[in-house]
């Protein structure tokens, strides 16, 4: 099998790869547009002279204030990810998305009331509420997409979540360049970027009213008829089609196995997480993936991009904003390639390994240049020398390695590697761990740059090297594996051969199942499907 082949667990009718699955993923991914925009715009907005003048920036401890404004958002997101578990369990994925959008909308609206007379209090409070909203969304959105996605393109569809993140990021990075170029320094100049947060939240509120509920959640809650009806609509197939019969059978078998082993109640997954070593082990793996993701330095760059580029030698407000905007565009373009091709063809594991290796080399080079040339000491307006241009090149090359690997892939893996009855709790833990590591990195990044200088780049480069060892020995490939077979996948050893072993077994079982169906007369297997098998 080619390393770039699209992996199907069984012959899949073309109707399954239809516009409906992409539409549902796109609507749900307005969640990530909120996250991407918020993470991108805040650092550059804080660097606008109009914002600093209105809040008398020079009289404040700017490192502390910047860190607080950024990190309160992550603190809210940590708790939002946990609060989303009962919402997703009892009310469903669709209403969970609605909840996240409403809370974010409220927080974004609160920030618009801030000004020099009122101080930063409304921004602090709004950041916490917005964080709760995006934390809840970061839990529910990947689950929703993975539960309705066909296995062969599940990575691509969950990747739409990441694409939304990058689209929001591009707008967030460029909007401050736009207002800085076109508007005089004023309250209006810096409040516009805050107001734009309302747009993706409003679109998600409208979209959540129109999309279908997750069929797997409907099965989990005992609403079998509605689950079959919804699944048939999403797959664009009649309920008695052989592909549908197989999928319904797999869902119900998985739920029955989990009912026997764990139970289906609200508290059962908590008990399973602490008593079932397999689940606890995968929770550990999911949390560690987000440690390594944040350990790459991405959020230090996202939230404090003007300072990052200044450390390389990029000076001048507009120049820094422009360089930051280009960084956002590079990420978005590469994410599009990752989404359309790499995640489901090259695979999750291979992307993580290659991205960590290449990204680490780039950060060592950038840090080495800063250590030798000390560009942060250059006078304002100094042109980049050849070394500085090379450092910028390797920074963008780091972006090219990081974006299609560690940026979205941990979200894909966490959304798919747990059984249905613990998936909501597991994703809550995974999302919360992401925001915890995100908080720790973003809270102390300003102090790290002040005290460590070039050492910050060496620190992140070293963590990327360690992530290679972690992935190689502990993370199996998951592309094309049905959600109901993930426990079997993680049981197989060695890890680097687990995927090929499982796919071979699944195809053998599928052939036997279809042969039995044909012999019993319960389902027709067309010649086309037999030949594909």
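Yeah, the Cβs are placed from backbone N, Cα and C, and that goes for glycine too.
The model shown is predicted, which means the values in this text are computed figures rather than measured ones.
The topological domain 'Cytoplasmic' annotation in Swiss-Prot covers 1-21 (among others).
Within the chain, the topological domain 'Extracellular' (43-67) has long-range Cβ neighbours (under 8 A, six or more residues past its boundaries) at 115-116, 119-120, 172-173, 176-177, 179-180, 185-187, 189-190, 193-194, 302-307, 317, 320-321, 324, 442-447, 450. Annotation comment: Swiss-Prot describes 43-67 (among others) as topological domain 'Extracellular', evidence class sequence analysis.
Below 8 angstroms of C-beta separation, residues 140, 143-144, 147, 208, 211-214, 217, 221, 266, 424-425 of the same chain, each at least six residues beyond the ends of the topological domain 'Cytoplasmic' (89-94), sit close to that stretch. If you look up Swiss-Prot, you'll see 89-94 (among others) marked as topological domain 'Cytoplasmic', on the strength of sequence analysis.
For the topological domain 'Extracellular' (116-127), the number of residues in each DSSP class (helix H, G, I; strand E, B; coil) is 7 helix, 1 strand, 4 coil. Under the heading topological domain 'Extracellular', Swiss-Prot lists 116-127 (among others), citing sequence analysis as support.
Beyond the ends of the topological domain 'Cytoplasmic' (149-156), by six or more residues, the same chain brings 6-9, 12, 16-17, 21, 25, 235, 339-340, 343-344, 348, 412, 416, 479-483 to within a C-beta distance below 8 angstroms of the stretch. Among the features that Swiss-Prot reports, topological domain 'Cytoplasmic' is placed at 149-156 (among others).
The topological domain 'Extracellular' feature in Swiss-Prot is assigned to 178-191 (among others); the stated evidence is sequence analysis. Counting residues of the topological domain 'Extracellular' (178-191) by DSSP class, helix then strand then coil, yields 10 helix, 0 strand, 4 coil.
Each residue of the topological domain 'Cytoplasmic' (213-282) gets a DSSP state, and the totals for helix, strand and coil are 52 helix, 0 strand, 18 coil. Feature annotation from Swiss-Prot assigns topological domain 'Cytoplasmic' to 213-282 (among others); the stated evidence is sequence analysis.
If you look up Swiss-Prot, you'll see 304-324 (among others) marked as topological domain 'Extracellular', on the strength of sequence analysis.
If you look up Swiss-Prot, you'll see 371-385 (among others) marked as topological domain 'Extracellular'.
Nonlocal intrachain contacts for the topological domain 'Cytoplasmic' (407-431), taken as residues 6+ away from its ends with a CB within less than 8 angstroms of a stretch CB, comprise 77, 81-82, 84-85, 88-89, 135, 138-140, 142-143, 145-147, 154-155, 158-159, 161-162, 165-166, 216, 219-220, 251, 254-255, 258-259, 262-264, 268-270, 272-273, 279, 282-283, 285-287, 289-290, 292-293, 298, 331, 335, 338-339, 343, 348, 351-352, 475, 478, 481, 483-484, 486-487, 489-490. Look at Swiss-Prot and you will find 407-431 (among others) tagged as topological domain 'Cytoplasmic'.
Per Swiss-Prot, the feature topological domain 'Cytoplasmic' maps to 476-533 (among others).
The transmembrane segment annotation in Swiss-Prot covers 22-42 (among others). Long-range contacts of the transmembrane segment (22-42) within its own chain (CB-CB distance under 8 A, at least 6 residues past either end) are made by residues 69-70, 73, 97, 100-101, 104, 130, 133-134, 137-138, 140-141, 144-145, 148-149, 157-158, 160-173, 175-176, 193-194, 196-197, 200-201, 203-204, 207-208, 210-212, 234, 299, 302-303, 328.
Taken from Swiss-Prot, the feature transmembrane segment applies to 68-88 (among others), supported by sequence analysis.
Marked as transmembrane segment by Swiss-Prot: 95-115 (among others).
Same-chain neighbours of the transmembrane segment (128-148): 21, 24-25, 28-29, 31-32, 34-35, 38, 72-85, 87-88, 93-94, 96-97, 99-108, 110-111, 154, 157-158, 160-161, 197, 201, 204, 212, 214-217, 231, 234, 411-412, 414-416, 420, 423-424, 427-428, 430-432, 434-435, 483, counting only residues six or more beyond its ends whose CB sits under 8 Å from a CB of the stretch. The transmembrane segment feature in Swiss-Prot is assigned to 128-148 (among others).
The feature transmembrane segment is assigned by Swiss-Prot to 157-177 (among others), with sequence analysis given as support.
Only pairs six or more apart in sequence are counted, and the transmembrane segment (432-452) with the transmembrane segment (68-88) gives three or more Cβ pairs under 8 Å, enough to call it a contact. Most Cβ pairs under 8 Å with the transmembrane segment (386-406) belong to 283-303, among the candidate stretches 68-88, 95-115, 283-303, 455-475. If one looks beyond the topological domain 'Extracellular' (116-127) by at least 6 residues along the same chain, the residues whose Cβ comes under 8 Å of a Cβ in the stretch are 54-56, 65, 68-69, 72-73, 76, 107-110, 187. With DSSP states grouped into helix (H, G, I), strand (E, B) and coil, the topological domain 'Extracellular' (43-67) comes out at 19 helix, 0 strand, 6 coil. The transmembrane segment (95-115) is not in contact with the transmembrane segment (455-475), judged by fewer than 3 CB-CB distances under 8 Å for residue pairs 6 or more apart in sequence.
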